[in-house]
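The feature active site, proton acceptor is assigned by TrEMBL to Lys43, Tyr275. Residues annotated as substrate binding site in TrEMBL: Arg146, Met322. The domain 'Alanine racemase C-terminal' feature in TrEMBL is assigned to 254-379. Annotated N6-(pyridoxal phosphate)lysine per TrEMBL: Lys43, in sequence order.
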Amino acid sequence: MTRTSAALKRRGLAFFRSKKALVHNAKAVMEVANAKRLIAVVKANAYGYGDTWAAKTLNQELGVKDFAVATLDEGVRVRSALPDDCDVILLGVQPAFLADEMAEKNLSPVAGSFDWLLAAKKAIDEKDKKLPALKIHLAVDTGMGRLGAKTRAELASMYNFVCAEDCFELAGVMTHFATADEDNQPYYDQQLADFMAMVKGLDIPEKYCHVANSGSALYHHDEVPTDTIRVGSVLYGYNPALPDRPSPIELEPVGSLVGQIWGVHRLLKGESLSYGATYTANEDQWVGTIPVGYADGLKRTLSGMTVLVNEQEEKILGRVTMDQIIISLREPVAVGSEVTFIGKDQEKEIKIEDVAEYGDTIPHELLTGISSRVPRVDVD
Ligand SMILES: *Cc1c(COP(=O)(O)O)cnc(C)c1O
């Protein structure tokens with residue numbers, strides 16, 4: 001991984017990303033889940049990596065044609081980066097009054113209720129213009145509690161309405177698992193059984209169904225009942241279940257977060273540093289200042305965490321501030337030396353899963369929190 005990048009030198013911080021790793025992970029999860037079709041979840045800027053970067057890479061390198069985001073504006077951006085024969089699903093609830101815009105821009109919303117479909121039809125009918133049919137994914141709520149039909153009767157009325165109205169086209173039927181990456185097999189089994197009973201009862205063809213998120217594709221691949229998987233985190237190379245369960249496939253982390261030491265100085269015995277002066281030197285020591293802070297996504301709860309400098313473990317001292325942190329140094333290093341927060345430094349590595357555990361969160365939250373102030377740099 002080459003890090004001699006102009007962006008890193010200019011900003012003192014960069015989020016490096018690897019297309020090779022992304023493609024490797026996509027292939028590996030499709031293989032283990034025995035999937036023929038991948039809906040690549042690129043919401044929240046592709047979990048921090050860059051949504052158009054991830055979408056274009058998967059489309060160009062693997063021929064992936066199905067993508068999913070959470071919001072309308074994410075959808076517009078991803079859509080514009082992709083060829084016309086791709087589909088972009090909007091997973092979150094969207095305002096139904098924007099249904100005409102979604103039809104016009106070829107974005108496929110998830111319908112969470114019959115009322116939503118009624119309101120969407122109204123918005124489309126009110127437009128004088130002839131619009132392309134709005135591609136609908138019907139949501140079934142089997143235990144996530146966010147959106148979707150809860151009964152077979154409700155799903156039946158939604159399904160029949162979408163099939164009957166020219167302004168709509170059925171594109172999918174889905175549910176979302178709440179515990180696929182946890183040790184809660186009974187809850188998972190119940191969700192899956194409820195979903196299958198509902199779609200089978202209505203004779204909805206299996207090709208429309210997509211249910212498997214990363215946890216489901218990794219840990220329940222024998223039970224994944226459809227050819228389609230709808231995954232995010234596993235594409236980006238981390239295991240959603242850590243530290244509880246090892247991944248059944250070798251995942252390659254897609255990103256690494258690297259900074260540069262821009263100041264090296266001596267902290268004398270008894271001197272303190274950073275806000276609150278929470279750290280005081282027991283003896284004279286070397287410290288380094290790095291231009292990264294919580295405004296970049298390095299959370300305040302990561303104070304005290306381990307980082308790597310020249311393959312040596314060092315620690316963040318005192319509070320993480322908005323724009324800068326101070327780390328311990330065993331010896332004075334050159335200004336411009338690299339600091340690895342997430343990723344590899346030669347043979348040593350700091351895993352995102354371990355950082356997340358230290359910060360009492362999950363990798364998704366850390367990655368999506370890496371702000372727009374941090375340059376994204378391609379390594380291959
Ligand atoms: C975020 C999301 C996914 C992807 O989840 P991962 O665990 O990251 O694979 C799939 N489906 C829905 C509905 C989602 O909101």
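Including glycine, each Cβ sits where the backbone N, Cα and C put it.
Taking the Cα atom of each, Lys43 (active site, proton acceptor) and Met322 (substrate binding site) are about 26 angstrom apart. Within the same chain, the residues at least 6 positions away from Tyr275 (active site, proton acceptor) whose Cβ sits under 8 Å from its Cβ are Gly318, Arg319, Thr321, listed in sequence order. Its Cβ taken as reference, Met322 (substrate binding site) is surrounded by 11 other Cβ atoms within 10 Å in the chains shown.
Sorting the domain 'Alanine racemase C-terminal' (254-379) by DSSP state (H, G, I as helix; E, B as strand; all else coil) yields 22 helix, 50 strand, 54 coil. Over the domain 'Alanine racemase C-terminal' (254-379), the average per-residue pLDDT in this prediction is 97. Candidate recorded positions: Lys43, Arg146. Fewest other C-beta atoms within 10 angstroms, Arg146.
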